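J.: Reproduced below are the annotations present in TrEMBL:
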TRANSMEM  35-56  transmembrane segment
DOMAIN    38-435  domain 'Ammonium transporter AmtB-like'
TRANSMEM  68-86  transmembrane segment
TRANSMEM  120-144  transmembrane segment
TRANSMEM  156-177  transmembrane segment
TRANSMEM  189-209  transmembrane segment
TRANSMEM  229-250  transmembrane segment
TRANSMEM  256-277  transmembrane segment
TRANSMEM  284-303  transmembrane segment
TRANSMEM  309-331  transmembrane segment
TRANSMEM  343-362  transmembrane segment
TRANSMEM  390-411  transmembrane segment
Amino acid sequence: MADIVVPEYNPDKPNGGNSLDEDVNAQYAGLEFHYTYLLFCATLVWFIIPGVGLLYGGLSRRKSALTMLFQSFAVCGVVCFQWMFWGYSLAYSRTGNAFIGNLDNFGLKNVMSAPSPGSVLIPEIVFCLYQMLFCACTVMLVAGGAFERGRILPSMIFAFCWATVVYCPIACWTWNANGWLFNLPSLDFAGGGPVHIASGWSALAYAMVLGKRQHKGEKIHNKPHNTTLVFIGTVLIWFGWFGFNGGSALNASLRSMIAAFNTNTAASFGVLGWVIVDYIRTKGHFSVVGACCGAISGLVGITPAAGFVSVWLAALIGFLTGAICSSMQGVDKWLKIDEGLDVFKLHGIGGMVGSFLTGIFAQKWVSALDGASQYSGGIDGVGVQVGRQLAEICAISSYSFVVTCILLYALKFIPFMHLRVSEEAEMLGLDHDQFFDEQIGDWSAHEQYALDGVAHASSQNSVKAVPEVVPNKEM
């Protein structure tokens, strides 16, 4: 082990060297486990994307659930293109400024075997993949703001633009060595700001610009149509989060291991925090959807702190975030914005809580577990770190909300770029309007039920019976 040489970035070989002339793998000899571990974590992070699609699909009414499943894959396609085109360069180019990268890596130019800007232990191509999946997860969260009323094609164009003008600059601030938040420094281990605070406020802006849903007295309004899908989606998200937080040290050190442990701890205690508040509010009842939301809020809360706190502090952060988010049940009514998937409540508020608590509880000995980092918070006597975290929260919240609003209003007034479906299409359901001959679940049983209902209504010569059957088809 004493003979192992840590790779160094060579500006004369920005791509890491010509593989036809030299062995580009040689510089990582003895260190392969680091990038192998990160590649494994990247595959885990990918599961979050369809997990969010399943979660959102289960929370939707049946007639609009398929849209959320489709968008999870559509987002993968759009973000992959955006990241390869210029997204990675705007976020992580080495010669960018404090606010945005440049186009030195446009089209992934020179992104291959050189030590990455995030860690010299990781080839840049692996780092690029890992960070691309972070961007895709974030965009999928923002897509929840168009819940049950947004058109798919404009939402994909919005996804490309949002990743460019919102996510990439904030990622540059936070994680690029030139970024102003990175050098403040604010502490954000795995994305409390760029992922959660940004997506929460942006989803709120999306819902506000689109306006409230049309439901006209439907009893199933705001009711999840399939709790099983919600549970499965949460399982995939929880599973994927081990890679989300566990890989964010960008090495396979003990710091990565404690980050993975903290991830599970915070999610588990988030369930307890949410369920206890639910139990008190409902006077002795439980909710599977509530437990799932509690797990996600715990995961969100620990994201900025995972590599900075001990396991018992991770438990406290998870519990507090779950309890606080559960207590914010009426936030949509207070704000008078119909954000039905609770992206703002879980990710916006949860992300802000987690970032604030990171400033209080960050411990130097935990960050030092990677052998190189030393960051402290209020618990170590560095009270100014709380102020730095508040600066991060305020900057990312205001930027993401305002810029998302500007972007959406700009798209809204482009001819043929209608962000929202018609009222008739919304009442029939997005799946009926946006897809051809597809429904979620066993469509044949529902079709037969509807036909039987219509036949029965005709035999009774009652036209009033038909509308009572049709909504069951769309549920």
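Even glycines carry a Cβ here, placed using N, Cα and C.
Just so you know, TrEMBL annotations never went through curation; they're auto-generated.
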J.: Select the range from 68-86, 120-144, 256-277, 284-303, 343-362 that forms the most Cβ-Cβ pairs under 8 Å with the transmembrane segment (390-411).
T.: 343-362
J.: I'm a bit unsure how to read this: which one of 35-56, 68-86, 256-277, 343-362 has the highest number of Cβ pairs shorter than 8 Å with the transmembrane segment (189-209)?
T.: 343-362
J.: Might you confirm whether the transmembrane segment (229-250) is in contact with the transmembrane segment (156-177), defined here as three or more C-beta pairs under 8 A between residues 6 or more apart in sequence?
T.: no
J.: So are the transmembrane segment (309-331) and the transmembrane segment (256-277) touching or not, going by 3+ C-beta pairs under 8 A with a sequence gap of 6 or more?
T.: yes
J.: With the transmembrane segment (120-144) as the reference, find which of 35-56, 256-277, 284-303 contributes the most Cβ pairs under 8 Å.
T.: 35-56
J.: Cβ under 8 Å, sequence separation of at least 6 from the ends of the transmembrane segment (229-250): give me the contacting residues as numbers and ranges.
T.: 34, 37-38, 40-48, 50-59, 65, 116, 118-119, 121-122, 127, 130, 134, 137, 189-191, 256-257, 259-260, 262-264, 267, 288-289, 292, 295-296, 299, 302-303, 306-307, 370
J.: Compute the average pLDDT of the predicted model within the domain 'Ammonium transporter AmtB-like' (38-435).
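T.: Result for the domain 'Ammonium transporter AmtB-like' (38-435): average pLDDT 94.
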J.: Return yes if the transmembrane segment (256-277) and the transmembrane segment (284-303) have at least 3 CB pairs under 8 Å (sequence gap of 6 or more), otherwise no.
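T.: Between the transmembrane segment (256-277) and the transmembrane segment (284-303), contact is present.
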J.: Do any residues of this chain, six or more beyond the ends of the transmembrane segment (35-56), have a C-beta under 8 angstroms from a C-beta of it, and if so which?
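T.: Sequence-remote neighbours of the transmembrane segment (35-56) are 28, 68-73, 75-76, 121-123, 126-127, 129-130, 133-134, 136-137, 140-141, 143-144, 147, 229-230, 232-237, 239-244, 246-247, 250-252, 256, 292, 296, 341.
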J.: Checking distant contacts: for the transmembrane segment (68-86), what same-chain residues at least six beyond its ends satisfy Cβ-Cβ under 8 A?
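T.: Result: 49-50, 52-54, 56-57, 60, 103, 106-108, 128, 131-132, 135-136, 139-140, 143-144, 152, 155-156, 159-160, 163-164, 434-435, 440.
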